[in-house]
Amino acid sequence: MSTKVKKCREPARVTLPAPEEEDGEAEGAEPQRRRRGWRGVNGGLEPPCPRAPPSPGPDASSEGSPSRWRTAGMRDKGRRQAVRGPAFMFGARGPSLTAEEERFLDAAEYGNIPVVRKMLEESRTLNVNCVDYMGQNALQLAVGNEHLEVTELLLKKENLARIGDALLLAISKGYVRIVEAILGHPGFAASRRLTLSPCEQELRDDDFYAYDEDGTRFSPDITPIILAAHCHKYEVVHLLLLKGARIERPHDYFCRCADCAEKQRLDAFSHSRSRINAYKGLASPAYLSLSSEDPVLTALELSNELAKLANIEKEFKNDYRKLSMQCKDFVVGVLDLCRDSEEVEAILNGDLESVEPLERHGHKASLSRVKLAIKYEVKKFVAHPNCQQQLLTIWYENLSGLREQTIAIKCLVVLVVALGLPFLAIGYWIAPCSRLGKILRSPFMKFVAHAASFIIFLGLLVFNASDRFEGITTLPNITVIDYPKQIFRVKTTQFTWTEMLIMVWVLGMMWSECKELWLEGPREYIVQLWNVLDFGMLSIFIAAFTARFLAFLQATKAQQYVDSHVQESDLSEVTLPPEVQYFTYARDKWLPSDPQIISEGLYAIAVVLSFSRIAYILPANESFGPLQISLGRTVKDIFKFMVLFIMVFLAFMIGMFILYSYYLGAKVNPAFTTVEESFKTLFWSIFGLSEVTSVVLKYDHKFIENIGYVLYGIYNVTMVVVLLNMLIAMINSSYQEIEDDSDVEWKFARSKLWLSYFDDGKTLPPPFSLVPSPKSFVYFIMRITNFSKCRRRRLQKDLELGMGNSKSRLNLFTQSNSRVFESHSFNSILNQPTRYQQIMKRLIKRYVLKAQVDKENDEVNEGELKEIKQDISSLRYELLEDKSQATEELAILIHKLSEKLNPSALRCE
């Protein structure tokens, strides 16, 4: 086979049957035409081997000239080999192209501006919408190779199709100038041209987008602005936003509207993919930066929405999590670009000027964005140095100099506050607006006061049990009374002074929790697990004291009966009614449901929960904070593990009980003979405290005994070797995750603790918070007054807006809002932007510039080299065209000159 035939097949990159030998000896004329013009022969494809060209004569066209062959050979070795070469997977349905169309597509692909211009101007039979076997027309080929001049020439044709496809291609490659040229086409003047997806426009429109049944380069639901957002093309997104393009946020996942139901019914997968594509566009930093008036708030809310979708749509969990993290990184990136405290405060507080004065009155630093970031667990944003520095400044507010003091000085301050807490509370009640009041209202002092109050509460709990540290003097079967007619239960149910103080503290803490529940709302209150722990602890305390009080009331009634009906001095000689006699019994004869017994059990649980609440203040310390976080994560792992543990435990507990339930009294020990004994044996065997003889029978029933040995052995292997080691591995993994990012985790937990003391209120800790201060009454009256004033102002404004002389102002405001909707760009969001909007505009400019610089630094040189090659290719064709024109002009001049010099010779001829 000849070399030329191999060269002919090589660009097509398909495997073809070997042609006849005489075909291989042919030399290729018009190689480009043969390379493109494939025809079906006998149901197959005709191999792209050129037939022997006709011998060039004096009248041969330029297409058959050797220079034409060389040009075609160079193109065969060019950068787009086999682009239009067919392959069997595309079938034989591709349209046949004429020589003119072949030449036109070649010129558009390689940037031959003179040829394209000439054919568009002179040719009458040229089909500008002709496509190659891949379905690409001349406009797409020109756009794909970044030939701006060719694109502009093609866009001047009135009947040009698939302009939308070319726009998507230009956006994907980042050709901004070509995008501008295409957007200037009259076809984009139609309403909603940029907002509808190609699939929707194909159903209601012409061939602005042309999608075949085999699919194309882009998904049918991709709009130009979605694609630009996916590719992070800031300039393109800006252009499209100016044209009115927007990304519509998908409906809620559980939406049951007619549109969503129809899409879900037709193709659930396509519906899900279209939602992901839309969210990818919405979560793009380019779209967030340029489309939103408040990008930080938009990104925070979108990150939370995407995190929820990750838990709902499990099949696309990783995609949604990645997008959620992308939104969080955007917020952190904007915060990182702050250069002064004003910019940091703007991001952390949000637009305070848009908040009502009544809501803004409380504290100058609302920290609304920080609260939102904590709620949505944007940990890197909260732990960022810029945010932490601002929070630390607020933490030591009104305490100048304490921030720079040593730990010893701070500990001394804590001790002084703890010892002088009652006096500080009295001083605050008397003069809440004095210097002392301002100091006590600082977040640090509020934290110290509450911590000191809680430590005093724990001290009371310990002191209440101190009389029993070395044991009790009265045995459970002995009753001790103060005087002969006294009922024993009256003595045991009386409240001591320490218990009364504990009750006062509990009431104070419950009052604080109720106020917090009222201010935050039930939903926000329950989300914080510490609130659930506090409420549960206090509820158990109240239940314990209530049961104790009921027992005291019953004993008091019995004592009243004795005092009024019994005349004897010794109750042991008197027959009392059963309901009264019961209260004279010793502890060993009390019923299990006795209120005092229930009270003591609940009180013990509440004490345990009270001491566990110390972990709430541990994040304030850098050493103990990460440990507390690891402990919390470990508890979560244990709860997850308990599901599998309980399943295995119940299986073996019931199985062993069924096996040995018939052998009660016939075993070495009572293990597994009852459900209770089965539970005890299996539970303590986890810690190695159960004996192997638990399965041994006194009878010679070896089969049952052997089954017991096997089941007991399998249980120990499963629980001890497998499940417990799995739990240890889970705990180790969780601890390692915290340790790897301990600084961020600790700062996030510390910020949550700090933030609970930043808001106004909670100045005095329990139980001092039970007594309302004069300031509370003043603030209550001020709030009522401000509320009535604001309501009067709103009514007055409504009346003014309803009058005819204010219609012009209303129209101006409406026009301003419409301009805001049409251009979310760098220019001006409002005619008179607020200070917050000015700062956000400045930060977004920095972010966009930084993103563009980073992209330029990350770009590979291959793209630049390709662009240079394409420019050189276009320049080559222009130079060749200029050379051809110069040659023709020179030939004409020579001919005219020869006519003048040799007129006689020409006449003779």
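Note: Cβ is positioned from N, Cα and C throughout, glycine not excepted.
Under the heading Ca(2+) 1 binding site, Swiss-Prot lists Glu146, Asp871.
Counting only same-chain residues at least 6 apart in sequence, those with a Cβ under 8 Å from the Cβ of Asn477 (N-linked glycosylation site) are Ala586, Arg587, Asp588. Look at Swiss-Prot and you will find Asn477 tagged as N-linked glycosylation site, backed by sequence analysis.
Annotated repeat 'ANK 1' per Swiss-Prot: 99-128, in sequence order, evidence recorded as sequence analysis.
What Swiss-Prot records for 1-447 (among others) is topological domain 'Cytoplasmic'.
Residues or ranges marked as topological domain 'Extracellular' by Swiss-Prot on the basis of similarity to another entry: 466-496 (among others). Here the topological domain 'Extracellular' (466-496) has, by DSSP, the following mix of helix, strand and coil residues: 9 helix, 0 strand, 22 coil.
Sequence-remote contacts of a segment are chain residues at least 6 beyond its ends whose Cβ falls under 8 Å from one of its Cβ atoms, and for the topological domain 'Cytoplasmic' (516-528) they are 375, 535, 761. Taken from Swiss-Prot, the feature topological domain 'Cytoplasmic' applies to 516-528 (among others), supported by similarity to another entry.
Residues 476-479, 484-490, 492-495 of the same chain lie 6+ residues outside the topological domain 'Extracellular' (551-594) yet bring a C-beta within less than 8 angstroms of a C-beta in it. Annotation comment: Swiss-Prot describes 551-594 (among others) as topological domain 'Extracellular'.
Look at Swiss-Prot and you will find 619-637 (among others) tagged as topological domain 'Cytoplasmic'. Residues 447, 727, 730-731, 734-735, 737-739, 742, 745-746, 749-750, 752-753 of the same chain sit 6 or more residues outside the topological domain 'Cytoplasmic' (619-637) yet have a Cβ under 8 Å from a Cβ within it.
Cβ atoms under 8 Å from those of the topological domain 'Extracellular' (662-701) belong to residues 649, 652-654, 656, 708-709, 712, 715-716, 719-720, 724 of the same chain, restricted to positions at least 6 beyond its ends. Under the heading topological domain 'Extracellular', Swiss-Prot lists 662-701 (among others).
The topological domain 'Cytoplasmic' feature in Swiss-Prot is assigned to 728-909 (among others).
Proximity of distant same-chain residues to the topological domain 'Extracellular' (466-496), defined by a Cβ-Cβ separation under 8 Å and at least 6 residues beyond the stretch ends, is recorded for 503, 548, 551-552, 554-556, 558-559, 562-563, 566, 569-571, 580, 583-588, 596. Secondary structure of the topological domain 'Extracellular' (662-701), assigned with DSSP and counted as helix (H, G, I), strand (E, B) and coil, comes to 17 helix, 2 strand, 21 coil. Of all Cβ atoms in the shown protein chains, 20 besides its own fall within 10 Å of the Cβ of Glu146 (Ca(2+) 1 binding site).
When averaged over the topological domain 'Extracellular' (551-594), pLDDT in the model lands at 84. Helix, strand and coil counts from DSSP across the topological domain 'Cytoplasmic' (619-637) read 15 helix, 0 strand, 4 coil.
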